[in-house]
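For reference, TrEMBL has these:
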| type | residues | note |
| --- | --- | --- |
| TRANSMEM | 23-53 | transmembrane segment |
| DOMAIN | 39-288 | domain 'G-protein coupled receptors family 1 profile' |
| TRANSMEM | 65-84 | transmembrane segment |
| TRANSMEM | 96-118 | transmembrane segment |
| TRANSMEM | 138-162 | transmembrane segment |
| TRANSMEM | 198-224 | transmembrane segment |
| TRANSMEM | 236-258 | transmembrane segment |
| TRANSMEM | 270-289 | transmembrane segment |
Amino acid sequence: SMNHTTVVEFVLLGLTNSRRLEIILFVFLMTAYFLILLGNITVISITLVNYFLQTPMYYFLRNFALLEITFTATFIPSTLYSLLTERKMISMPGCFLQMLLFFYLGTCIYFHVATMSFDRYVAICHSLHYTTIINNRFCLQLVLACWAVSFLLMFPPTIMIVQLPFCGPNVMNHFYCDTSLLLQLSCTDTGFIEGLMLIILIIIIPGTLIVTAVSYGCIIITILHIPSSTGRKKAFSTCSAHLMVVIIFYSTSIYRYIRPAQRGGQDSDKVLSFFFSVVTQMLNPYIYLRRAREVMQS
């Protein structure tokens, strides 16, 4: 180990090697980031100031919007800076911090999506008891549980990765510090951490997906038993926006993370990561704004 050169920074190859494409991507990413901030700040503002939107559904939606703002802030500004200046370097502490925040906040999003599905399940399938079950205290407990469980899941493997030796090479074919690529760059055996990360990802992604799928299965069955078409349409409209977000969110993230990582990283991984972390985050607030009747009226 005395002959190894200790890595002090990493090289992120970014989204493309073409300078012309970098300029195009910079304009697109800057526009997307502006829309993400605008949409989510609008959701937060409207649901805070309007008395009629002080309900559990909009409480969860407001927290979801805050999560999206903080999540995208972990990597989009640095990616924009890289595209503009062509600087591809990131310090080792900066890389570790970005990795921790990206996956911690991303995990919070998964649990929050499941929580919002459970809220819609109680609202439609147990409407008479909704205000009793989903009260203000329980809403706060659910949100805090999302943050706490996400931290407990992501903190141990992050500590293990931080303690790994990195002796070179230090190049990652990605636009943010990805856990799987960091493990590939370590100059020691990382089999245990990779196995642990796979178990954690299975708990997070398919686990929350099962909760969401069961909730919506019960919702659909309940809606089909509503006698009037007007009642069915009204019940479905309250959860259709969230269902659209769930489909987009999970369809990309499952393929990206619940499969063996390709050695050295692939361009397809970057495309999927970009769609999952940027495009879906840009669409989410506008889907909710468009589909939520009370928000549109406000």
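Cβ atoms are placed via backbone N, Cα and C, with glycine included.
A TrEMBL annotation is a machine prediction, not a hand-curated record.
Since this is a predicted model, take the numbers as computed values, not measurements.
Beyond its flanks by at least six residues, the transmembrane segment (198-224) meets 107, 110-111, 113-114, 117-118, 120-121, 124-125, 153-154, 157, 232, 235-236, 239, 243, 246, 250, 253-254, 257-258 of its own chain at Cβ-Cβ distances under 8 Å.
Mean pLDDT of the predicted structure over the domain 'G-protein coupled receptors family 1 profile' (39-288): 86. Most Cβ pairs under 8 Å to the transmembrane segment (65-84), among the stretches 96-118, 138-162, 270-289, belong to 96-118. Outside the transmembrane segment (270-289) by six or more residues, the chain places 15, 29, 32, 35-36, 39-40, 42-43, 61, 64-65, 68, 71-72, 75-76, 106, 173-176, 178, 241-242, 244-245, 248-249, 252-253, 255-256, 295-296 with a CB less than 8 A from a CB of the stretch. Residues 56, 59-60, 63, 96, 99-100, 103-105, 107-108, 111-112, 115, 118, 179, 182-183, 186, 193, 196-197, 200, 203-204 of the same chain sit 6 or more residues outside the transmembrane segment (138-162) yet have a Cβ under 8 Å from a Cβ within it.
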